[in-house]
């Protein structure tokens, strides 16, 4: 029921339970669940309680899809596209912080907000788009892991693609040990990837002045630079990551007060900044190594040919020929760590998307196998027919799909976090709203420009009859019109659903906490989110 605040203090939010009696106990009353409880006191040490989700999210920024586009960017344009990585990383920090804030403040993640806000048909379409994005994200993981197995153990790529299905068993084995240990493992893998590429920098020795120039002097020169820049953006800012981050933050039990929520938002931003900074340095290292190696003066003719169409598999042979055997092995280890850790985030994102949009949950192993099978089929076909070169091109296509689908996750996030009826006093400031809308608009404009110009170029260069060109043109531009109409609908539609949270004044909140004999009111952790993160090994009696 609604509770009206009579005091004049700043409003505070707590989850509604239907009456004025609130319990501090978690939804799952079991000490074996390893829930992460944030202490209700002012201390910088609280930051450690929030550490974890940012590293799971950062994996998406250093997955095999990123490595593929980074390698090609360095090989073709040396350090000229480094500024894209810098801009994308800064934009990613702002956007990911907004996703975390949405979950912290409202107690619901992005997919759930979409289900309550949009009518059934648009909601279903958004779910389909999100699922396509997750499959598109899983394709580079499948191919990247297959390439890594080929580098390290000389396993054929097509067999490696099939073996990636076993990552489901690895994921299930990890989950039983709890979310905290899983987060530590992911952090360890991230730092392993970073260490490998820092060592690669020592082998390649790129020119520091040129790297700095590439970071801070924007350039887009040469044929295909725009397309590669879009691929870099698509590989950096992924739509499924927005759903993932807004849900991962719900696994923490935080003090439900203005100070507690502000602290959670602040510490999640710090944690995300640190994790994304590591991911940024890794991406810069990959481009720098590729740029230094492919522009070296002592390359032979075969290596120069490899640099013209560099993929993950060719990069291994190139590094071995130019820098030595250990350089190739380090790259293979980093690629294997990236592919396997990305599996975890993809599975969680798929669970949250399905639960949020459809209110439907599957067992984690079923969900993982479903996504992985959808990714394995096209990857296996391309690997068998086109070999490693075809598989490498499939990674670029998957990255571009992610970039084109980004508005359908980004626009709802911007709308929800800028809505006072959903976020209360934690709504985006005018400056943040302006910056994020500018970022989102630029991404959408670039995507639309590349889509239209690329389609026109394809029609003009194709050797088909005029009638067929006209028909393809009508179909293509109809699709573009639908794409624009969908984005326009999301932008202009007004939010109609308010977040179902009770706004209590400071005086009422203090009275309630005094009656309960505790210094604060904690948010009740989402049972469905916690159980996705942490499979319970308790009996039903433990949950009574």
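In case you wondered, yes, glycine gets a Cβ from its N, Cα and C as well.
TrEMBL labels come from automatic prediction, so no person has curated them.
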Looking at 265-289, 290-314, which stretch does TrEMBL describe as transmembrane segment? 265-289
From the ranges 369-388, 509-528, grab the one TrEMBL calls transmembrane segment. 369-388
For which of the residue intervals 186-204, 205-223 does TrEMBL record transmembrane segment? 186-204
Cβ under 8 Å, sequence separation of at least 6 from the ends of the transmembrane segment (82-104): give me the contacting residues as numbers and ranges. 53-54, 57, 61, 70, 73, 110, 113, 211, 214-219, 229, 232-233, 236-237, 241-243, 245-250, 254, 261, 264-265, 268-269, 272-273, 276-277, 279-280, 283-284, 287-288, 410, 413-414, 416-417, 422-423, 426, 428, 432, 435-436, 439
If you count CB pairs under 8 A between the transmembrane segment (124-149) and each of 186-204, 224-244, 265-289, 330-349, 466-492, the winner is 330-349
Which stretch, 265-289, 330-349, 435-460, 466-492, tops the Cβ pairs under 8 Å count with the transmembrane segment (224-244)? 435-460
Of the stretches 44-62, 330-349, 435-460, which racks up the most C-beta pairs under 8 Å with the transmembrane segment (265-289)? 44-62
